[in-house]
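Supplied in structure tokens, the structure appears directly below.
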Amino acid sequence: MTYTTRQIGAKNTLEYKVYIEKDGKPVSAFHDIPLYADKENNIFNMVVEIPRWTNAKLEITKEETLNPIIQDTKKGKLRFVRNCFPHHGYIHNYGAFPQTWEDPNVSHPETKAVGDNDPIDVLEIGETIAYTGQVKQVKALGIMALLDEGETDWKVIAIDINDPLAPKLNDIEDVEKYFPGLLRATNEWFRIYKIPDGKPENQFAFSGEAKNKKYALDIIKETHDSWKQLIAGKSSDSKGIDLTNVTLPDTPTYSKAASDAIPPASPKADAPIDKSIDKWFFISGSV
């Protein structure tokens, strides 16, 4: 199944949006793209939000119809991740699994913290730099549990099935074998990346350990089941998430006409980023 993107506005502006299209029609990045590309073999569709080594904090918006990817803001200003030495921007292709939801109404029994109200995050570790709105087919290798400001924020470690090393990577121990140091660097980056913005160091459940593939698959299924309750209108509190979709006629928020209401593509050249975003931050004890 092939997906394309529809860009509106210039990257690095408040107007920037990327919709995902199927057969030229916008679909919801949150609800319409199937979680499973191949359920029998546990191959998942991943929606790429942030390409590796970039700084703009892009995410699937929860509040807008068909959930385009936009740049996050704080107090009306665009958000960028700072460069924490020796890293530059995000250290992986960063995105999410569609049709998943980390339920903020439920506390996880092992992390003792509620979900973060987002689709589950995915860190794709392959060699190719992805692009915003790309739908990759990946396999899950393991999972980490970030505790972000009191919420459980799962991070699935995955690899594009077309990556040259994908056949050799089948569980979390293979990551350390073929990508030595990557899991340690991932743990470090998530611990420190908010410090330059004046926030405390993040914490991890399980002492920062990356759990194995089986554990990851169980968590992915849990978040998929939570999404099923959400899209069916059965969640105790949907937290204002826009549930409009164009492919799920049995749901109360199905609207085939929603695609036609989306503006046509109007891409513009990337807007310049303030030079201050290039700064490197040196954090004690981070290397």
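Each Cβ is built from the backbone N, Cα and C atoms, and glycine gets one as well.
Here Swiss-Prot flags THR65, THR251 as phosphothreonine, drawing on a large-scale study or a structure entry. Sequence annotations record features per position, and here Swiss-Prot assigns diphosphate binding site to ARG79. For TYR90, the entry in Swiss-Prot reads active site, proton donor. Marked as Mg(2+) 1 binding site by Swiss-Prot: ASP116, ASP121, ASP153. Annotation comment: Swiss-Prot describes ASP121 as Mg(2+) 2 binding site. The feature ubiquitin cross-link is assigned by Swiss-Prot to LYS239, LYS279, with a large-scale study or a structure entry given as support. The phosphoserine annotation in Swiss-Prot covers SER266, SER286.
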Taking only the Cα atoms, work out how far TYR90 (active site, proton donor) lies from ARG79 (diphosphate binding site), in Å, as a whole number.
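ARG79 (diphosphate binding site) has its Cα 13 Å from the Cα of TYR90 (active site, proton donor).
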How many Å lie between the Cα of ASP121 (Mg(2+) 1 binding site) and the Cα of ARG79 (diphosphate binding site)?
18
Write out, in the order they occur in the sequence, the residues of the chain not among ASP116, ASP121, ASP153 that have a C-beta within 8 Å of the mean position of the C-beta atoms of the recorded Mg(2+) 1 site.
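Not counting the recorded site residues, we get GLU102, GLY115, ASP118, ILE120, LEU146, ASP148, GLU151, THR152, TRP154, LYS155.
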Can you tell me which of the recorded positions ARG79, ASP116, ASP153, SER266, LYS279 is spatially closest to THR65 (phosphothreonine)? Compare CA atoms only.
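So, spelling it out, the nearest of the recorded positions is SER266.
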Nearest to LYS279 (ubiquitin cross-link) by Cα, among ARG79, ASP116, ASP153 (binding-site residues)?
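In terms of Cα distance, LYS279 (ubiquitin cross-link) lies closest to ARG79.
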Return the residues near LYS239 (ubiquitin cross-link), defined as same-chain residues 6+ apart in sequence whose C-beta is under 8 angstroms from its C-beta, sorted by sequence, else 'none'.
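When sequence neighbours closer than 6 are ignored, LYS239 (ubiquitin cross-link) has LYS62, PRO104, ASN117 within Cβ distance under 8 Å.
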When the Cα of SER266 (phosphoserine) is compared with the Cα of each of the binding-site residues ARG79, ASP116, ASP153, which one is closest?
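Checking each of ARG79, ASP116, ASP153 against SER266 (phosphoserine), the shortest Cα distance is to ARG79.
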Determine, using Cα-Cα distances only, which of these binding-site residues is closest to THR251 (phosphothreonine): ARG79, ASP116, ASP153.
ASP116
